[in-house]
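As structure tokens, the structure follows; a few thoughts come after it.
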Amino acid sequence: MKLTCVLIIAVLFLTACQLTTGEQKDHALRSTDKNSKLTRQCTPVGGYCSRHHHCCSNHCIKSIGRCVAH
């Protein structure tokens, strides 16, 4: 139990050290990449929808997998 706690604390400490001393050479590029991952495109009415493809109208009939107008 003590060994497990020591290992967890050591890993957390080393991770924190990496985060604080790591260089960010392409800060603007990373920010743009993060923003593009956060931007979601929606599927128009009549298009395919699922758990990962979202409708612009926010109405998906999952039994047929199609976006519908509300």
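Placed from the backbone N, Cα and C atoms, the Cβ positions cover glycine too.
The structure displayed is predicted, hence computed values, not measured ones.
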Per Swiss-Prot, cysteine bonded by disulfide to Cys56 (from Cys5, Cys17, Cys42)
Cys42
Report the same-chain neighbours of Cys56 (disulfide bond): residues 6+ apart in sequence with Cβ closer than 8 Å to its Cβ, ordered by sequence.
Cys42, Thr43, Pro44, Val45, Cys67
